[in-house]
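A short worksheet on the structure shown next.
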Amino acid sequence: MPKNSKVVKRELDDEVIESVKDLLSNEDSADDAFKKSELIVDVQEEKDIDVEEESEVEDERPAWNSKLQYILAQVGFSVGLGNVWRFPYLCQKNGGGAYLLPYLILLLVIGIPLFFLELSVGQRIRRGSIGVWNYISPKLGGIGFASCVVCFFVALYYNVIIGWSLFYFSQSFQQPLPWDQCPLVKNASHTFVEPECEKSSATTYYWYREALNISSSISASGGLNWKMTICLLAAWVVVCLAMIKGIQSSGKIMYFSSLFPYVVLICFLIRALLLNGSIDGIRHMFTPKLEMMLEPKVWREAATQVFFALGLGFGGVIAFSSYNKRDNNCHFDAVLVSFINFFTSVLATLVVFAVLGFKANVINEKCITENSKMIIKFLKMGNISQDIIPHHINLSAVTAEDYHLVYDIIQKVKEEEFSALHLNSCQIEDELNKAVQGTGLAFIAFTEAMTHFPASPFWSVMFFLMLVNLGLGSMFGTIEGIITPVVDTFKVRKEILTVVCCLLAFCIGLIFVQRSGNYFVTMFDDYSATLPLLIVVILENIAVSFVYGIDKFMEDLKDMLGFAPNRYYYYMWKYISPLVLLSLLIASVVNMGLSPPGYNAWIEDKASEEFLSYPTWGLVVCILLMVLAILPVPAVFIIRRCNLIDNSSGNLASVTYKRGRVLKEPVNLEGDDASLIHGKISSEMSSPNFGKNIYRKQSGSPTLDTAPNGRYGIGYLMADMPDMPESDL
């Protein structure tokens, strides 16, 4: 006891009395057994344990320094590279501005409700994904393990993309940029342009040959690319140093990594709007093609983008929210982060198409100049009569409008012979209609556009630094989705686990920095996450809505938030979201079955991409990635359903939680599951922080029992365990 033991003892006695009053005020009138029970307060004046320490058990878990830091972490995790190079592509492909309507509808139907669900369970239970689903249903504990496996798979190749961005960032401090012009090759007799570059373009050549030094197929390893190996190592070192102290270290970095991309996007938008052709790009982007909204493919791709844009199923959302206070308004957080994500995608789309509009205008001007020279040549040769050319048009300095007028006249006059002239219409829309996404957008199309910018090295540095920050924000959430559940479950040191995880990921990630590594990135991106994550989120929804009970969950939310969530969420979680997710899963499986498994290989001789099918071993790897990601779900279910592992053996199945500590329970007793904190395992129930031991003896009752739900929806643990030391309660 502290020195002022009498004062502390008086306070503790008052606390016990108040706690008993709370219990009796919450007594269920129908609970006859409870009325007959005898409440015994064990007052022990001399204990070696410090009461003040006991009162701080709940505070042992780290917490965010501020609400802003937490919001930035969630925004940084959800806003990633996909917002910059996936969303604009889908907008262009699926009807321009019309695509925003199905996206918004699906954001309201599956995005916000499922994001709110993950935030709620993480904040309520204050554990990572493994602990959360163990609490709700131990038999579905494999959901958390599956999330960790998927996070690990995604982290393996996602950090490779950050490594690519670091490489381009390091190469951007040159004037002119190294991908501005095709390299020259010298031989004994003369100098000529590199044939592979001449057939493609300077930026395409630099990406495939200088950066990746890519092989012609996935089977041709070609050895390690040492430049990309160093960049991958640097990326993992940055992630490791940022995550080694958990949210204490990564949280501070969020201020920069989450906010800097917005500064760059706004600067790019302002700069691009001052360039010729940018308005054409934006107009092309948001010209709605309403007829495309009737195509099921548009809705499927919109649902998939909503699903992955918010980071559902990874465990990062749950991990970050688990460091919140239990009374935090996570409903507000869910709506805020979801709409920030949406408006970020729209902002990125404006920037991308403003820049691509400028690039299309530059290419179009070059096209007009070259074709005008061809027309002048045809006029001199007599293939085209000078009389058909309007007198006010000067072909030596022709505008786009005048060129299109001349082109239309020649096409009408030389109707039969026109194809032999090989003239190009040079329409800016033709260039804008070329769908570009992913690495093709970031490392080829955008880099080419920036070579035409004034002060191009500055803009290149800013752009690739933005990509690095966007990638790191998502990586922090992905790694947190691995580290937090494992630390919560097995109580290993976070620093050691972080270093081991990053070191292991770097070693495995070496397959992505071979000369054939880009093809493995494609494989992992296509098969390691899509279906497994869909299955994980469907099971999460089912676990809360049907296994645990949607009515109890809504009551828990009311206790936690201080207000009842709108009934809209009740119907979404119970009926609409599961149906939409199942439909999306079926559509994804069908689409995957109809699409031949393969990849786009870069063929050096042709200087172009060619679709190749995976070899037999590649197909086996694709199947293994999906199976390994989802395997923990049936494995844990069978183990716990059939009691294949003895709970008293100190193994994985017997690891549970109690007030932030790991306990191993010899007996798996069924407890009262009237609140979210009550799991199916007795040790998972939260005990009150009374400062004294409170026991309730009841004749004919099991050794372990629970009182009615407390006013905070957590419930009190009442146990007849006289031999247990106070420090274990």
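Note that Cβ sites are derived from N, Cα and C of the backbone, with glycine treated the same way.
These come from TrEMBL:
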type	residues	note
BINDING	Gly76, Val79, Asn83, Asn341, Leu470, Ser474	Na(+) binding site
TRANSMEM	70-88	transmembrane segment
TRANSMEM	100-121	transmembrane segment
TRANSMEM	142-169	transmembrane segment
TRANSMEM	226-247	transmembrane segment
TRANSMEM	259-282	transmembrane segment
TRANSMEM	302-323	transmembrane segment
TRANSMEM	335-356	transmembrane segment
TRANSMEM	458-483	transmembrane segment
TRANSMEM	495-513	transmembrane segment
TRANSMEM	533-550	transmembrane segment
TRANSMEM	571-594	transmembrane segment
TRANSMEM	614-639	transmembrane segment
Non-local residues, at least 6 beyond the ends, that sit with Cβ under 8 Å of the transmembrane segment (100-121): 91, 132, 136, 293, 298-299, 302-303, 305-307, 309-310, 312, 317-318, 321, 330-331, 333-335, 337-338, 342, 346, 537, 540-541, 544, 553, 557, 560, 565, 569, 572-573, 576-577, 580-581, 676
Proximity verdict for the transmembrane segment (495-513) and the transmembrane segment (458-483), three or more C-beta pairs under 8 Å: yes
Residue, out of the binding-site residues Asn83, Asn341, Ser474, whose Cβ gathers the largest set of other Cβ atoms within 10 Å: Ser474
Any contact, the transmembrane segment (335-356) to the transmembrane segment (458-483), with at least 3 Cβ pairs under 8 A: no
Among the ranges 70-88, 142-169, 226-247, 302-323, 458-483, the one whose Cβ pairs under 8 Å to the transmembrane segment (533-550) are most numerous: 302-323
Per Cβ pairs under 8 Å, the stretch of 226-247, 259-282, 458-483 packing most closely against the transmembrane segment (302-323): 458-483
Cβ-Cβ under 8 Å with the transmembrane segment (458-483): same-chain residues at least 6 beyond its ends: 73-81, 83-84, 128-129, 147-148, 151-152, 154-155, 158-159, 161-162, 165-166, 168-169, 172-173, 177, 238-239, 242-243, 246-247, 250, 253-254, 256-258, 260-261, 264-265, 267-268, 271, 311, 314-320, 442, 446-447, 450, 494, 497-498, 501-502
Sparsest Cβ surroundings (other CB atoms within 10 Å) among the binding-site residues Val79, Leu470: Val79
Residues satisfying Cβ distance under 8 Å from Gly76 (Na(+) binding site), sequence separation of at least 6: Met254, Ser257, Ser258, Leu472, Gly473, Ser474, Phe476, Gly477
Other residues, Cβ within 8 Å of Gly76, Val79, Asn83, Asn341, Leu470, Ser474 Cβ centroid (Na(+) site): Val75, Phe77, Ser78, Gly80, Leu81, Gly82, Ser258, Pro261, Thr344, Gly473
